[in-house]
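Please read the structure below before turning to the comments.
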Amino acid sequence: MFRCNVIQGLRIWKSYTFSAVSVALKRKPQASRLLFTMVDSQYYLPNDIGISALDCTEAFRLLSPREQLYAHYLSRSAWYGGLAVLLQTSPESASIFVLLQRLFRKQPPAQLGNVATAAGLSPEEYQAFLVYAAGLYANMGNYKSFGDTKFIPNLPKENLKALVWQSQAFQDSPSEMEALWDSCSTLLYSLEDKQKQLGLGDKGITTYFSGNCCLEDAELAQKFLDSKNLSAYNTRLFKKKSEGKSCYEVRLASAVQEGEMDGEGETRCGRYNFEDRVFTVSRGDYDHLMKKVSENLEKAKDHAANENQKRMLEEYSRSFTFGSVEAHKEGSRFWIKDKGPIVESYIGFIESYRDPFGSRGEFEGFVAVVNKAMSERFAKLVSSAEVLLPELPWPKDFEKDRFLLPDFTSLDVLTFAGSGIPAGINIPNYDDIRQSEGFKNVSLGNVLAVAYATQKDKLTFLDEEDKDVYIKWKGPSFEVQVGLHELLGHGSGKLFVQDEKGTFNFEQDNVCNPETGEKITTWYKGNETWDSKFSTISCSYEECRAESVLCRCCPWVCSIFGHEGEDAEEVVYVNWLNMVRAGLLGLEFYTSESKSWRQAHMQARFVILRVLLEAGEGLVTLKESTGKDGCPDALITLDRSKIHTVGKGAIERFLCKLQVLKSTADVEGGRALYEGYSAVSDGGSHNFLCLRETVLQRKEARKMFVQANTRVKGDSVELVEYEGSATGLICSFTERFADDAEEVEAHLLELNKRDAPCWF
């Protein structure tokens, strides 16, 4: 208890900006440096952060010239659209991006390093600057894509300013560079409480909503959108007062702005009175970027392999031109029909993890090449789905009427534009399409190959024996987990719906709730969706449901991936061990001050840990301890002999509850269950608040990835690759927009300036 109080006492240092800490360093350098390292490490990226290059050389080489051109123009489209994430993340992200681009376009990292030395920066400080720049590019903003925490440069502000002032970019355009610095430097370093993390209202920063919006505004806007059958995926919400009345602008992402254009009916552009407020639906968000996206999709269409791809790209282009989600849904239908393509891709406003309300999608686009050998394993898993699905722990009435066998491929990523790169994806996210028309699953093989490699000395909270087993089997076990998570997790379960005509998709008089034995009394009505109903918990709740299918990880499933006998048992064990350890690591992504979670997957894993601890009988043991370094530590163990009995039983019971509450649109019950298990406190059998401090002290920074560029040379496409380092990541971005850098940067600054008054 004394240890916890001491650590919590040190938390006052978290409110200091770097400049304040640097003053302290001048007074007591060793003690102050130790405090900053211990407590504020979550707000900067360490100089030794892992950075790996995604290898796609062989996959790209095997493509035909036509396929390479197709992949090239899809990649260009994705990269231009990915710049919108800067505008979706924070008020300052776009300006910081342009500042960095101008510095490095004039002087690459090695050359700028000489300037840094002349400006008085130490080698460690310049490396910290390079790591910060790489982090800004990798996350497409100055908030971590995994955890939504702000990160700042790990060097004094005055030193960074000196570097900027002595750079070639400043010498060439002093007034422009000074204005750019002035526009972002304060927020670049600010660690005021609200600016430490993303969130809505007083909980953090968001640019999905204007700064005067709160949760009540988000809820009202969702009701309005539902009334107009409009999706929130490609929107942002801006609020202002007019004649004492609240007025809202729902702005759609599109290349075109106002005016009578094709697609007007789909986007519902216009002015409406709704519950004594005024709503205006407009277009033109990210207009310059959306134009670039559409132009490159049209170029890609000339190299498409089949009619489905052509129609898909036509609809995507229409979506980004006019702001129509209906067009994007139509494109997604053609995408689902495009079975087994050599070059796979998807693009749009997809995942809603970073919208504090859970409804608006962040832009992302990926282009990848199918790994045929690995895809065969996932194809076998898909063919086994009809055997595995009935074993999930809910009655057959709660499962889809017909399971549409999806594509499930392993891909080597060529391009993934957005704020981060996942290990696997299950898309599209549109409930109506998923329920009745299907979906696709992908596993990103070259990401898995480098993302989860761990050194033994950096592996935390496991005993030595478990560390050896974990390192050996983590890769194979995670591959199996991705397969189960995407196919059986996100791909399973039915939503009970009464459509606008009053027709039910289930037998209302016969279906009973397995938890109560009573008839179903709640369901989705009209235009309601999973996201709109469960809003703020929808993302994490769904990830928890998908993660919970680890109860289906058994030797028979492992054999599909080539693991037999004792090897299969080891894969099963590490699958469960990884889940309980991840639940403990998840505490890094909990903000105690606001009592909120910042990362959907990690919240989900913490919930599962709580469920397994609650199961008792010695299945999972979690103890606080003191490490060899004399600092607070923890040890988590799993009794493998009880996985298939105690563990499986506990997870199946919990998973059934999750599905029933989701199927029946029981928001009240779902919130009570999920938020109860998500609670982090210092009471009960485990002091999770103290454990959180231990996790923060021993956390390892998430890896960053360097991606290749493509360049058209005559009739062929050249693949340009970079080293796996901060320098390589920076060079990849400065060269990515080399042909139209000034135009792109000017557009970003214009878009940023347009909305600047809305945030504060």
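Just so you know, glycine gets a Cβ as well, placed from its N, Cα and C.
Annotated Zn(2+) binding site per TrEMBL: HIS485, HIS490, GLU543, in sequence order.
The annotation active site is assigned in TrEMBL to GLU486. Long-range C-beta contacts of GLU486 (active site), restricted to its own chain and to partners at least six residues apart, with a cutoff below 8 Å, comprise PHE408, GLY424, ILE425, ASN426, ASN441, VAL442, SER443, ALA546.
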Surrounding the recorded Zn(2+) site, with Cβ no more than 8 Å from the Cβ centroid of HIS485, HIS490, GLU543 and those residues left out, we find ASN426, GLU486, GLY489, GLU542, ARG545, ALA546, GLU547
Most Cβ neighbours inside 10 Å, all chains, among the binding-site residues HIS485, HIS490 | HIS485
Counting every protein chain present, what is the number of Cβ atoms, excluding its own, within 10 Å of the Cβ of GLU543 (Zn(2+) binding site)?
-> 22
